[in-house]
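S.K.: Just dropping this structure here.
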């Protein structure tokens, strides 16, 4: 995302080479690619990279795009209004996210050594008053961050880049590290239905070229293990009585409501990343009775296939289809905070009225 943080760019080029040359030779990589669609974008900020004429470990203007904007502060934010003008690179990525069914993602950075997970921003609804901004899928995010960190050559040690900054287990909640508005990580999770973590891969943002091979070796196993996590949880298709796919049906795990409900794609497919355990999956076609199914999810990452659970709505025909309903790009958690505050006095009034009626009787 940042043009002067070059390790991630080079590692992804190595990853592409490794995947295509290992396919058909390495049985693990062959099975992985036979069961997984992998999209790789080596750089989101080519102008920033080209503008970095003098490499520096700490800071250069290459962090920003040609318009001087930080692309990782440029996305719509779920907690506060982001006044930054959406840049062409950001809009292109937002369109990409909208047009694909991404499920798992990572964006790569430099300047630290840690796996950071959502939320980067927060408010009292997500626990920010306690210095931690928790998502409904916090356990999954911790697992994802630990998966990368524990398979990295040294990230798991948590020593960071100096004695002033340590990360137990090599992971951190984004908000706990520092508050960030307009980040891609939170945007992808809230509006893209995609679990994304931020990988800080090097203490030096732009290291000497002769160190790149070591960075690849340090991250190779972690990248592959991370990609495998796409097969956590449950997936399936929602169909009508004729077997036709129902797009925009809401499919959520009970007790894990997303502020922007997760919906099926045009093929009626849904994907929910969940750790092994027992869950109740709720499928809803607006205007019809919800369907609940209890599932026991195993750890299927080694088998490269999430548990499959389909839903068929016999009362829905292809003439009655779910309307397209996308969440607006507004601070949804800000609205949730206001709604919570508005409900509280109502509860008090209702209790008071009940007591008064009992007394009068």
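Cβ coordinates come from backbone N, Cα and C, glycine included.
Source: prediction; values computed, not measured.
Pasting the feature list from TrEMBL:
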type     : residues : note
DOMAIN   : 1-230    : domain 'Peptidase M14'
ACT_SITE : 200      : active site, proton donor/acceptor
S.K.: I'm checking region-level scores; what's the whole-number mean pLDDT for the domain 'Peptidase M14' (1-230)?
M.R.: 96
S.K.: What number of additional C-beta atoms lies within 10 angstroms of the C-beta atom of the residue listed as 'active site, proton donor/acceptor'?
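M.R.: The answer is 25.
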